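Sequence annotations record features per position, and here TrEMBL assigns domain 'Era-type G' to 14-182. The annotation GTP binding site is assigned in TrEMBL to G22, R23, P24, N25, V26, G27, K28, S29, D69, T70, P71, G72, M73. Annotated domain 'KH type-2' per TrEMBL: 213-289, in sequence order.
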Amino acid sequence: MNEPSSDAIPTVEHSGLCALVGRPNVGKSTLLNALLGEKVSIVTRKPQTTRHRILGVLNRPDAQMVLVDTPGMHQSAKRALNRQLNRAAHGALEDIDVVVFVVRGTEWKEDDQRVLERLADVDAPVIVAVNQVDRVQDKRLLLPHLEWLAEQRDFAALVPVSATRGENLDALERETIQRLPSGPPLFPADQITDRDLGFRLGELVREQLMLNLGDELPYTTSVQIEQLHREEGMTRVAAVIWVESDGQKPIVIGRGGERLKKIGRSARLQMENLLGERVHLELWTKIKEQWTNDRRALDELGYTD
Ligand SMILES: Nc1nc2c(ncn2[C@@H]2O[C@H](COP(=O)(O)OP(=O)(O)OP(=O)(O)O)[C@@H](O)[C@H]2O)c(=O)[nH]1
Ligand SMILES: [Mg+2]
């Protein structure tokens, strides 16, 4: 009677959650995508690119590791949006099986120190991924830096990697997966992320905004997908780019609409790449005043976790 039914989910040797944390811009999202072999989280050269907790599911024959990408933890708590980013990153450390603390080469900044301090009361094993080692000019500095890091906490492991070059990622994967408990997989084998298509498409627009706008403006824009229709061999997408003031609109649109066109073209190509079919993309800009500092607006735009 109590025999498990034949379609009960079998347990795997290693199943659990692994959070990628660190200060902004060290390469957490790049690392997530590189480990998964698919772009699930957007990447730019600017800090505070990631605004949400994003899960990426890595399946192996004996394991399922759910990687949690997080916004970079940082000191500035000026805007409600910044506070929300920090909240999402800190919240991601609850109920985690392994933490990967991502740092950049031989750098150690105040925000790295803060992350280390935040990890003080985390019981899960913490592995340091020393990312971007390809950028360390003088390789002789690496070993002393690893030794110095090893003195800062009883880390489970220190793994030098290059996310963009794919160097040593197998070692990082081994070190993390082996520390996951056995259990049933948390996601179906064919699901790569917890985020729906609308979210992923919106992020691809935001990625282009970050890449194509000057220094301050990207942080006051947000993207909302208004329409998403999948037709025979083609997907139609309409998205709104929210800005904070009248003055910001022409900057996003550019002279004769050139900049918005470029943003749209690049985002569309990324979308076509993701979907493997043609995409028709319409972009609009609208104003929502002070949304980055307005709790309710943040909720409306999906910044709730
Ligand atoms: N040279 C080199 N660049 C890298 C490497 N990993 C990431 N980058 C670059 O570092 C920049 C930041 O990468 P992201 O993955 O967006 O960094 P992040 O930690 O997710 O940043 P936030 O989301 O802002 O917290 C991008 O320009 C990446 O291309 C690496 O291993 N080598
Ligand atoms: Mg990121």
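Cβ from N, Cα, C; glycine included.
Sequence features annotated in TrEMBL and their locations in the structure.
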residue: G22; record: GTP binding site; Cβ within 10 Å: 26
residue: P24; record: GTP binding site; Cβ within 10 Å: 18
residue: V26; record: GTP binding site; Cβ within 10 Å: 28
residue: K28; record: GTP binding site; Cβ within 10 Å: 32
residue: D69; record: GTP binding site; Cβ within 10 Å: 25
residue: P71; record: GTP binding site; Cβ within 10 Å: 27
residue: M73; record: GTP binding site; Cβ within 10 Å: 21
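In this structure, the binding-site residues that sit close to ligand 1, with a C-beta under 6 angstroms from any of its atoms, are P24, V26, chosen from P24, V26, D69, M73. Mapped onto DSSP helix, strand and coil, the domain 'KH type-2' (213-289) counts 31 helix, 30 strand, 16 coil. Residue pairs drawn from G22, R23, P24, N25, V26, G27, K28, S29, D69, T70, P71, G72, M73, the listed GTP binders, are separated by up to 13 Å at the Cα level. A helical conformation is recorded for K28 (GTP binding site) in the three-state DSSP classification. For the domain 'KH type-2' (213-289), the predicted model reports an average pLDDT of 94. Checked against ligand 2, the binding-site residues G22, P24, V26, P71, M73 give no residue with a Cβ less than 6 Å away from one of its atoms.
Taken residue by residue with DSSP, G22 (GTP binding site) is part of neither helix nor strand, so it is coil.
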